[in-house]
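Asker: Input: one structure, supplied below.
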Amino acid sequence: MVLADGGIAERIHSGNVPELLKSIPQWVLWKYQHIPGKDKPKKPPFQPGGRAASVDDPQGWCSYTQAMAALDTGHYQGVGFMLENSGIVVIDLDNCLRDIDGVRRITRTARQVFDLAQSYTEVSPSGKGLHIFLRGSLPAENGHPVLGMKSDKGEMYAAKRYITITGERVGEQREIRTDQEAIHQIYALLKPPRQQPRPEPETIRRYQPITRDDQALLKKAGEARNGAKFTRLCSGDITGYRSRSEAQLALIAMLVYWTNGDEGQVERLFKASNMYRQDEELQQKWDTVHRSDGATYGEMTIEKATQTSRQL
């Protein structure tokens, strides 16, 4: 299907989608969002009416039938399912399918997970990953429930997340099995190794050195009409702003303007500034996931600043 904006909708193999998922009215839609400086597009969730959907707002979710009807309008590229309170755990394995001499191969870790789960599995929209579904819950850590886990080997989610659905089934299992033991085994397999005690912050901060082009850009920005303000913000001076977060947003908006929206350069320059280096709390949360589409706090802040920069 050709979309209204010229894109192509993903084909949904509706007959393969498990009846359990179809019966729960927690469906949303999605479409690709290409971000300058990023290779992988985002897939933010939407309501059938076109407004953004959220993991925290069930009013914006819909039934499977409504989602498929909205997909037929040509304004979206696929459908997805909100995991919140569904009792379903999803294992998300990226880039685990490889095309070798025309034959699709699965990586060793993905094969281990697939064999442990023995449950409904489908290919992700990229065609290179797998989504594996099980009924149960993630193990608790330190007495607290775990809603999600991400490592180099894979990801697992039980809440605060939506998962894209394609219906491109892998294997013979058509339904989602209940198997808490398998969930624990897969969690142990994918979980990152226990980290050593953290050294002092000065020894673990890995700042990307700024390039000669970066230095030229900073010089140009510092000599502009509002250069004095730019220089103050880079130094960490928040005079004239109601809060540190407001000052941070202002600096990032300026960087977005001067870099023409190059997110990689914006992040590199911001992390090189004292505004970032002097804020331990910001450093701790900058790279953590804060949205259902996997966007980090830093990515969300840059997105917000991009809107602000248009007013500069």
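Including glycine, each Cβ sits where the backbone N, Cα and C put it.
Straight from TrEMBL, here's the annotation block:
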type	residues	note
DOMAIN	77-144	domain 'BT4734-like N-terminal'
DOMAIN	244-309	domain 'NrS-1 polymerase-like HBD'
Asker: Pull the DSSP breakdown for the domain 'NrS-1 polymerase-like HBD' (244-309) and write it out as helix, strand, coil residue counts.
Answerer: 48 helix, 2 strand, 16 coil
Asker: If you average per-residue pLDDT over the domain 'BT4734-like N-terminal' (77-144), what number do you get?
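Answerer: Computed over the domain 'BT4734-like N-terminal' (77-144), the mean pLDDT is 93 on the 0 to 100 scale.
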Asker: With DSSP as the yardstick, break the domain 'BT4734-like N-terminal' (77-144) down into helix, strand and coil residue counts.
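Answerer: The counts are 10 helix, 30 strand, 28 coil.
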